[in-house]
Amino acid sequence: MTDTATETTSGAAPGQRGPDRGDSVLPELRATWWETGVRARAEAGVFTVFAELPRLVAQAVTTSWRADRVRTCVVAGATIGAGAMAAFGLLATQRVLMELFAGGPTADKMVAALPALAALAGATALRAGMGIATGYALNGLTPRVSRVVERRLFEMTTEVRLGAFDADAFADDMERATRGTDSAISLVPASTNLLASLVGLVAVGIAVVVIHPLLLVALLVATLPNAWASLRAGHLRHQTYTAGSVRRRRLWLLQRLMAERTSAPELRSYGLRRFLLNQYDRVMDVETDIELDLARRVTTTTTVGSMIGGVATGAVYVLLGLLLIDGQIPLAAAATCVVAVQAAQRALATLTFQIDRVYTEGQHFGDYTGFMTRAAAYLPEPAAARGSGSGGASGPAAPSPLHELTVRDVSLNYPDRDTPAIDGVTLTIRAGQTVAFVGENGSGKSTLAAMIATLRTPTAGTICWNGRSLAHWEIDELRSRIAVITQEYHKWPFTAATNIALGDVDSEARQDRIEAAAGRAVAHDMIQDLPYGYETLLDRTFANGQDLSGGQWQRITAARGFLRDAELLIMDEPSSALDPRAEDALFQAIRDRQGQATTILITHRLANVRHADRIFVLHHGRLVEAGSHDELIAAGGRYAELFALQAAGYDVAPSTSVPPPQQR
Ligand SMILES: Nc1ncnc2c1ncn2[C@@H]1O[C@H](COP(=O)(O)OP(=O)(O)O)[C@@H](O)[C@H]1O
Ligand SMILES: [Mg+2]
């Protein structure tokens, strides 16, 4: 199954295309197969998937075993035991019936049946006891296994490189992987139940074969169509489920957009209510169509299966009658015969059901393990494995204090973008310097900063810390020496104090350090004015939680960056929402670092850049100018032009009353 990338943008699985609604270009309206792999897996036949099941079951059982050995043993042992008891009970029932239908006086028959009756009672009691034991063990096992499996998922998602989140289908795979975490635990009882019903089937099979071997063959023929139909139905369901990832995420997004606090103001001010409800209807219409189509196909499949099964069952009874008439089965055993045939059919049906469950849960768990394998490709390479780039040293070393940071001919291409975001940039930053990256929106400033902060890896070129590539230093050590205030900072739903303390989780969160950092970022007074001061929860959706204005959030974010006494501080537009006084104070705090620690500053307020030791001007991903403020002004290039443009905005006589500098 080779699908090309064109399928991702234009293709829809035939027969699953949403109704034409003019502008229905939304991806959620199509069955989307982002990756060749997804489609190949979804279109794999029933038997291909079957071949994978033993491996998945083994993985699930191993996981469960590691999570809790005793309970896993109890579940496995008791389930199989209960299956065996069920089979044993069946044989005992048959025995009882044989005795009861034998010739002779009734009292004798009762006495003769007693041992078998006792065995039946014992088996039934044992079976019930084992069922209870399984229930108890599962109750304890389920949360443990869920936790292990889910934690592993989050260990992965928190470790993968940032690039993974830009990759096609990562979010969709993740969505299905989350569903798959539940299947790990379902797979354990499902597969032991499958084993148990196999045991049961063997017992029943023996009982039937004893009566007549031909009956067993007939029974198998009667059951197989149903088994095939139910597997085929499960397969259809999973195919549709796999193709619907984008649609489900889109629906989930719409549900949140319509119900969440953050989108509520714009929803009202732009009058988006009908627009969003309409979007919801459109996605839902397609979803319903697909569900109905699926239901139709599943029903057709199962109906055909049951029809063939029904005819075959009729044939079994006809065969039974013929055998009776022919005298091959004694009339005395007729009742036993009917019971045995029914029991055999039940056992086969149970087996089918269990196979279907293992198959379905196995497919979901396969989504999980598949995601884990694909995500592993995005794990950062261990420094030792990256070979020796410079200096011949092989193992990762703890970085020495920063003397010099060099960016050598570095480029970065985002996936699916024709033009590089950063294109052959070379520059040097010396310890103690404050440098500025300047340029228009989209010129690549944040991308370059992210690479220096080790958050992204260059597609070409190297960035060196003291002459040695970033890749060859111990990454965690390196990151602990760098503080980054990203442009798209996150509003962590914790208290104000914790929000700042997050800047240095490896050290003790001492209140005086937190307050000092807040002071440097002009956040201290503002936090003290909050209802619970530093202990105010900064999430309005919880009781007593508060929200902050954009500028207030930015002060907290800056404080987080200041908390860690980083050798290298990277601030990506840290003042975009600050009022003039706060902005002035923040830049003063940055200037205080000059000569002692290194700062990379990205800002559009060029007045604040004048003090920088060096200014690097980026344009379309290229470094077009570099120098001090005075040098760049004298050169009369792009920087001088931007600076003049901005300065002109302030160049008014003090007498004319003008609004204060633009602020948000
Ligand atoms: N995750 C991403 N995936 C694809 N393109 C991106 C991504 N992030 C940024 N870009 C693109 O890279 C270019 C540079 O972005 P960025 O470094 O954020 O610019 P700046 O910070 O100078 O405004 C832009 O054209 C932007 O659209
Ligand atoms: Mg930016």
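Any Cβ shown, glycine's included, is placed from N, Cα and C.
Just so you know, TrEMBL annotations are computer predictions that nobody has curated.
For 1-11, the entry in TrEMBL reads compositional bias 'Polar residues'.
The feature domain 'ABC transmembrane type-1' is assigned by TrEMBL to 74-360.
Residues or ranges marked as domain 'ABC transporter' by TrEMBL: 407-645.
What TrEMBL records for 1-24 is region 'Disordered'.
According to TrEMBL, the feature transmembrane segment maps to 73-92 (among others). Remote same-chain residues near the transmembrane segment (73-92) are listed as 61, 64, 116-117, 119-120, 123-124, 126-127, 130-131, 133-134, 136-138, 141, 188-189, 192-193, 195-204, 206-207, 340, 343, 347 (criterion: CB distance under 8 Å, separation of at least six residues from the stretch ends).
The transmembrane segment feature in TrEMBL is assigned to 112-138 (among others).
The annotation transmembrane segment is assigned in TrEMBL to 194-222 (among others).
Per TrEMBL, transmembrane segment is recorded for 304-325 (among others). For the transmembrane segment (304-325), the list of distant contacts is 212, 214-215, 218-219, 221-223, 225-230, 232, 331, 334, 337-338, 341, 345: same-chain residues at least six beyond its ends, Cβ to Cβ under 8 Å.
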- Contacting positions for the transmembrane segment (112-138) when only residues 6+ beyond its ends and CB under 8 Å are counted: 70-71, 74-75, 78-79, 81-82, 85-86, 88-89, 92-93, 95-96, 99-100, 102, 185, 189
- With the cut-off at Cβ under 8 Å and a gap of six or more residues from its ends, the chain residues touching the transmembrane segment (194-222) are 79-80, 82-84, 86-88, 90-91, 94, 309, 312-313, 315-316, 319-320, 323, 328-329, 333, 336-337, 340-341, 343-345, 347-348, 350-351, 354-355, 357-358
